[in-house]
């Protein structure tokens, strides 16, 4: 789309939306939010970017093919479930670690890695659909 | 509240069935979208409706402070929404492809896979 | 890293004992398929790697399912819950002999399909994602066979359905799009019916765990509309299984994709519907099944006969086989209609036989098309003269699907006819035999026209020589069919005890709710 306003406004909007999507993803552990909705926000950001600068630019910006991102997310989610095997607890049990980084206790868990996996799956799958639809619209 | 929701579900379902009975794909798609919502409403109603707080456990607590709404139907609906959303996206793209490839959105005219004029198999040789 | 300890006392709701290593077999087939599918998605452009990884992974899957079957046969149904939450709160995966048998057969079929696909799926099909879709399809199929939670069953249905969409439109020919529209809409209606039934079930029972439902059903029988609910489930699963009169999506779509995809669909998809039907109507609502048995029996007879008659009328070999799939579904429904351990065992046996043989038949039709230049019975001819081994294998499969000894189709037919006669339903036994007879005529005609008749003048011909690798999948499946036909004792014993567990599910319930646990 050849709109100067959109092209000027898109980069900051997209940046803020991507940041917000990560915030929603991490917030989702104990409050409303999570990987699915975070992923959808990220997809919305990428779609805006695509509308402003074209599909090719988005494909270059995300480096990997969207479906490869999906695959990585799916693998991460599966592995987060399988980690339980090492600790002799059932599949997908929540496992926690509290490493101290720079004097600050950071809670990490397999629940979170699972959620990041979901985030990547949603980003990859929905981006792939959105981009192919946008491509159709362009020609 | 339940009777109202039951009637509403019924209205949604009848709209969806009516649209799905159409022979035009685009109406069937609308029917599919409404059908998904009808089912979500049905699950929501069957989980009992009450005027309670959302089932979110507050900070610093291990159990909810008081009675909360039933979270399970909400989880089921969330799953169903995700699935019906992806289905709808797929069917939308498929219908578009069918329209551009077959040149029609009338299912009566879509006879590429099942042509009318097939000869019966030979009876002998 | 430590498992979190919480101030609130959750010991009544959590699994606290360490999980035995063998119990992981319950979840591993599904997790394995998803994980490998994810890896294949990441290396989508490495066309040569895809089949290697997929075939190796499916071989491992066959191994996993075989060990799982052995474990279940040794020690009864096995349960694992997700995330340490005890059932009915946590989602449970529970495997009994029925689930393990179906899962193993499905894995064998998928492995053979993946090997056949090395030849059949070209580079663009691989780039499009045939193998990732296949692995995700297997995740859905295995999940449906192994889960012990009815909503989870719905989710696996959707996983396999969405993967099957991907496989169905692989190549994007116009016929495929046409078939996929019908397949997509009708299957969506079927799964939505399943979801509606599950919504009602949750409203009535307040639980989704199958063992919990089976436990609570006797108390609710007087007050809740369970017959209606069971009717809903039967309609939904019958639609998935392609039973008459809701079978029309199958002949409209199964002949459109690549032949390997057709073969996998014929072996896997409808049988998941039959499995779910057996699970729900026999284990969860046996009393209601009894009430509806006449309806199921009538549907079964109509399905068998429309399938067999439909196959007689077809010129395209793939469409002919599609109708034979439907006819087989009718035979399985007959077993469900009769009820009792013998008939259910017959239905399970028939389903396992049908998974192997229908896949093999589609692969045979694909090879016949490669050699003879098409799928039309008008043009095919002369295969026997040039390809005796292939012809012999095909003839065995034709006998197997018609239910003749000494092939795998014989024993389930015997079990079904015998239990039909025992229950006094002579007409059902007659319909089973008539359907078998009609199937024999249909396949016999294929043999006469495509194999026995001299090659047709002026019709297109395919390649003259078949690479020996191309016959391997067919050889494996035919050998299995013959072995099952000649030495059915072990399998029969397993199936008998599987059907007994379904009929009297106390072992299944014990596995989910160990004796003495809170109700």
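Placed from the backbone N, Cα and C atoms, the Cβ positions cover glycine too.
Please treat TrEMBL annotations as automatic predictions, because they have not gone through curation.
Taken from TrEMBL as is:
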type: DOMAIN; residues: C:149-439; note: domain 'NADH:quinone oxidoreductase/Mrp antiporter transmembrane'
type: TRANSMEM; residues: C:20-40; note: transmembrane segment
type: TRANSMEM; residues: C:52-73; note: transmembrane segment
type: TRANSMEM; residues: C:85-118; note: transmembrane segment
type: TRANSMEM; residues: C:130-147; note: transmembrane segment
type: TRANSMEM; residues: C:225-250; note: transmembrane segment
type: TRANSMEM; residues: C:259-280; note: transmembrane segment
type: TRANSMEM; residues: C:292-313; note: transmembrane segment
type: TRANSMEM; residues: C:320-341; note: transmembrane segment
type: TRANSMEM; residues: C:347-368; note: transmembrane segment
type: TRANSMEM; residues: C:389-407; note: transmembrane segment
type: TRANSMEM; residues: C:427-452; note: transmembrane segment
type: TRANSMEM; residues: C:464-487; note: transmembrane segment
For the transmembrane segment (C:20-40), which partner among C:52-73, C:85-118, C:225-250, C:320-341 gives the most CB pairs under 8 Å?
C:52-73
Between C:52-73, C:85-118, C:130-147, C:292-313, C:427-452, who has the most Cβ pairs under 8 Å to the transmembrane segment (C:347-368)?
C:85-118
Beyond the flanks of the transmembrane segment (C:85-118) by 6 or more, those residues with Cβ under 8 Å of it:
12-15, 25-27, 29-30, 51, 54-55, 58-59, 61-62, 64-66, 68-69, 72-73, 76-79, 130-131, 134, 137-138, 141-142, 145-149, 152, 207-212, 260, 263-264, 267-268, 271, 275, 278-279, 348, 351-352, 355-356, 359, 363, 366, 469-470, 472-473, 476-477, 480, 494-495, 497-499, 501-502, 507-508, 511-513, 517
